[in-house]
Every structure is written in C-alpha cells, then in structure tokens.
Amino acid sequence: MKTKILPVPVSPDSPSLGHWASSSSSSSSSNASSSNGNDVPSNLEEWQVPLTTIPPSLLSAATALRTTPVPVAFPTETVYGLGADATRSAAVRGIYTAKGRPSDNPLIVHVADLAMLRSLLSAPIPPIYLPLIKKFWPGPLTILLPVSADSQRKLAPEVTAGLPTFGARMPASPLARTLIKLAGAPLAAPSANASTKPSPTTAQHVLDDLDGRIEVILDGGPCAVGVESTVVDGLCEPPAVLRPGGVSIEELRACRGWEGVVRAYRDADAGEEKPRAPGMKYKHYSPRARVVLFEGGDGDGKKKWQGAGGEEERTVGVIRTGRWEVDGGWDGFEVEEFGRQVGEGVVDVREGKLVGEKELRLLDVDLTGGVKAVAHGLFAALRELDRLGADVILVEGVDDGDDIAAAVMNRLRKAASEIRRAS
C-alpha cells in the first residue's frame with residue numbers, strides 16, 4: 001500500500017471550508033431539542049459545507065472514507081487523527097489494524113455538529129454536559145454518553161469495545177468538521193500513530209509511523225494544542241476526568257455541575273482493568289529512546305546524567321521546560337561547542353558535546369515558554385530527538401496542577417522508562 005500526503009492548500013481555519021448555519025435555518029431542529037428539555041446551543045446545530053470551495057485533497061479523502069475500509073489521517077486542533085466511518089465495522093477494524101491497537105481500547109466518535117451527534121442518541125444529551133458543550137465545543141473535550149438502542153444500531157460494535165458508553169467530541173478544526181460532513185458519517189478517530197508511540201502533531205509524524213499501512217494523510221500543518229482531548233464522564237457521581245487533555249480540570253470546575261469533578265485516571269499502567277476511555281490502560285507516547293522523567297527539584301538539573309544513562313547511551317537528549325539550564329547539573333561533564341541547530345522538525349534542537357571521562361553528544365530542546373508551550377511541543381520534541389538518534393531523553397517535568405500541566409505530566413509519566421523524584 002502506497003501512502004501519500006495530500007496538502008490542504010488553505011488554512012485549517014479558513015471560512016472557505018465551511019460555516020455554521022444561521023439560527024433561522026436550524027430553528028426547527030433547535031426548537032425540537034428545546035421542547036424535549038434539551039437546551040443545547042443552536043449555533044452548533046448544523047455545520048454547512050460550500051462544495052464549490054472545498055480543496056480537491058479534502059474531497060478525495062472524504063471519498064476514501066465513504067468507499068473504502070482504509071482509514072484516513074487528518075489534522076485536528078489536538079493531534080492528527082486516524083479516521084474511519086464509525087458506522088461500518090470493516091472501516092473501524094482498519095484503524096485497529098493500521099495502528100496495531102488492542103481491540104479492548106475504545107475509540108472516540110468525532111461529529112461535525114450537534115445534529116449528527118443527536119442522530120446517535122435515543123434520548124436528549126444528558127443535561128450535565130450542556131454547560132461544557134456551551135463553553136468548550138467545538139474543542140478538545142470528549143464526553144461519555146450512554147450506548148442507546150440508536151447507538152447500537154448505528155455505531156460499529158468495535159467503536160465501544162463492549163462498553164455501555166461511547167466517547168464523542170466535536171473538533172474545533174473546521175477542516176476536521178468539513179471532512180466529517182463530507183464523509184457523511186461520524187468518524188471514529190484515535191491518534192494517527194503506531195500504538196504506544198508519541199502522538200503525531202504533523203503529517204510527517206503520521207508518515208513516519210504509518211507509511212504503507214494507510215493510503216491518505218491530509219496535511220493541515222502542525223496542530224495547535226499538541227495533546228489529546230480531555231475525556232470526562234458526567235454519568236457518574238461525582239463527575240470524573242478519565243483522561244486529562246486540552247481542557248483543564250481548573251476550567252471544568254468553573255462550570256455548573258462540575259465544581260466537584262474528580263480525577264479518575266492513573267498516570268501509570270492500569271493493569272487488567274478494562275479501560276473506560278482511550279489512554280487509560282496501555283503504555284503510551286513512548287519513543288524508541290529511553291525516557292527519564294525528573295520531577296521536583298530546585299532548578300539546577302539535580303544530576304541529570306549521573307546514574308541515568310547506560311554505558312551504551314552515547315547521545316543524550318534533553319527537554320527543558322522551566323528551571324534547567326543547558327550547562328547546569330551535569331556532575332562530571334562540561335558542555336562544549338553548544339548551539340548548532342540540527343533537525344528539521346517543529347521544535348528547535350541544538351547540538352553540543354558533554355565532555356568528561358567520555359565524550360557524549362548533547363541534543364537540547366528548549367520548551368521554557370510556559371506550560372502551553374510544553375504541551376504544544378512535547379510530542380514533537382520526543383519524536384525529533386528520537387529521529388536524531390538520542391539513546392536516552394532526560395525530561396524536566398512541570399509542576400503538576402489542575403491546568404494543562406496535568407495532561408503534560410500524564411503523558412510524560414506514561415512515556416517514561418524511569419521517573420526520578422527529588423527527595
């Protein structure tokens with residue numbers, strides 16, 4: 001199978017890709033939902049696509065989704081997704097095959113608009129979610145919904161992996177919503193990487209993992225957020241975060257009914273438990289290189305290298321997020337000849353030497369622009385250091401909290417081969 005990258009020659013946010021229907025044109029659907037006690041935002045009712053301005057690459061990808069069982073990779077605001085028609089079993093099985101994904105790991109259903117979501121439900125959207133939909137949709141938030149009679153008839157069973165619920169989200173990217181609309185069906189779409197590898201934030205990342213496994217990668221440029229969506233369960237009491245992501249716990253707690261939301265995820269392997277949502281059970285986000293995560297400390301590096309690297313680890317990658325200095329904390333090594341920019345990725349990588357009893361190659365990534373910059377560049381940094389030959393990657397953790405730092409540390413703990421905590 002030959003894999004091709006199809007550029008989308010317009011901005012992923014371009015108005016030419018689509019627009020929301022005016023409130024008057026969608027008023028009948030909106031009135032119907034209100035009469036059922038479901039006060040959903042009418043401005044998200046229908047995403048309309050102007051066929052005359054759609055790029056041929058997008059039309060080609062949509063045709064592939066409608067007519068073949070081979071999934072298509074496409075950009076969203078979070079990471080690149082690997083999409084297939086969520087109503088066709090053969091298509092959904094293609095996702096599991098291409099990724100090498102365990103079959104008990106459920107998939108998130110992506111919808112273009114509220115009308116598409118409602119078509120999958122037998123009852124109104126649970127009221128607990130309405131404040132979140134109003135504030136965060138379209139955007140990096142996935143809500144857990146009950147599998148109803150309509151859901152069972154319409155969604156392929158492989159989507160839910162036998163669970164009584166399914167995750168749904170409406171992506172912020174107009175390009176993604178237009179692709180879904182053109183496909184004529186909701187898309188099941190996990191991240192478009194090989195299972196266990198760092199999530200892809202560029203089309204090249206997808207090609208690196210899935211070349212020969214899929215046919216089409218839509219290239220919409222780098223993703224804006226850089227980590228996957230937050231997954232929440234409002235069907236339990238208290239409501240819970242199943243996976244941290246692009247919407248923070250802090251932001252959720254500011255919404256009515258979500259003041260007491262709790263964390264219901266683990267940052268390590270969940271063992272034999274059946275995952276309630278993607279990203280809960282299996283080892284994730286890991287590059288080829290060994291990842292050593294450092295948590296805590298006062299900023300001088302705290303023996304970043306000593307005891308962390310094996311004898312065969314000759315190229316040392318470093319991801320700095322705040323306190324670490326390039327030349328600090330190496331214990332027995334001096335940094336020399338530092339500064340030459342290497343690599344061709346989204347993040348800048350600078351090269352130098354660590355000189356001590358032996359000479360080592362140093363590859364340094366500076367993500368010190370705040371926690372959002374860390375989230376945006378994390379997966380790209382792991383992939384680029386891997387590509388440049390790092391044997392070990394030393395990562396400076398961020399202060400865990402209820403903002404997007406929770407998502408960053410969740411991904412880093414899952415990627416890490418070793419975690420070192422300051423005493």
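Residue numbering: from 1, along the chain as shown.
Using N, Cα and C of the backbone, Cβ positions are placed for all residues, glycine too.
As given in TrEMBL:
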REGION    1-43  region 'Disordered'
COMPBIAS  7-36  compositional bias 'Low complexity'
DOMAIN    55-247  domain 'YrdC-like'
BINDING   THR78, HIS110, ARG169, ALA189, SER229  L-threonine binding site
BINDING   ARG101, ASN105, THR165, SER191, SER199, ARG243, TYR285  ATP binding site
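Locations of recorded TrEMBL features on the structure.
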residue	record	Cβ within 10 Å
THR78	L-threonine binding site	29
ARG101	ATP binding site	20
ASN105	ATP binding site	19
HIS110	L-threonine binding site	28
ARG169	L-threonine binding site	26
ALA189	L-threonine binding site	27
SER191	ATP binding site	31
SER199	ATP binding site	28
SER229	L-threonine binding site	30
ARG243	ATP binding site	25
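In this structure, the C-alpha atom of SER229 (L-threonine binding site) lies 15 angstrom from that of TYR285 (ATP binding site). Across the structure, ALA189 (L-threonine binding site) and ARG243 (ATP binding site) are spaced 16 Å apart at their Cα atoms. Binding-site extent for L-threonine: residues THR78, HIS110, ARG169, ALA189, SER229, maximum pairwise Cα distance 13 Å (rounded to the nearest whole number). It is TYR285 that, of the binding-site residues THR165, TYR285, has its Cβ surrounded by the most other Cβ atoms within 10 Å. Among the binding-site residues listed here, namely ARG101, ASN105, THR165, SER199, SER199 has its C-alpha nearest to that of THR78 (L-threonine binding site). Take ARG101, ASN105, THR165, SER191, SER199, ARG243, TYR285, the residues named in the record as contacts for ATP: the widest Cα to Cα gap among them comes to 25 Å. Annotation note: THR165 (ATP binding site) sits in a strand segment as assigned by DSSP. Across the fold, the C-alpha of ARG169 (L-threonine binding site) and the C-alpha of ARG243 (ATP binding site) stand 14 Å from each other.
Other residues of the same chain near the L-threonine site, with their Cβ within 8 Å of the Cβ centroid of THR78, HIS110, ARG169, ALA189, SER229, are THR76, GLY81, ILE108, PRO140, THR142, PRO171, ALA176, GLU228. When the alpha carbons of THR165 (ATP binding site) and HIS110 (L-threonine binding site) are compared, the span between them is 15 angstrom.
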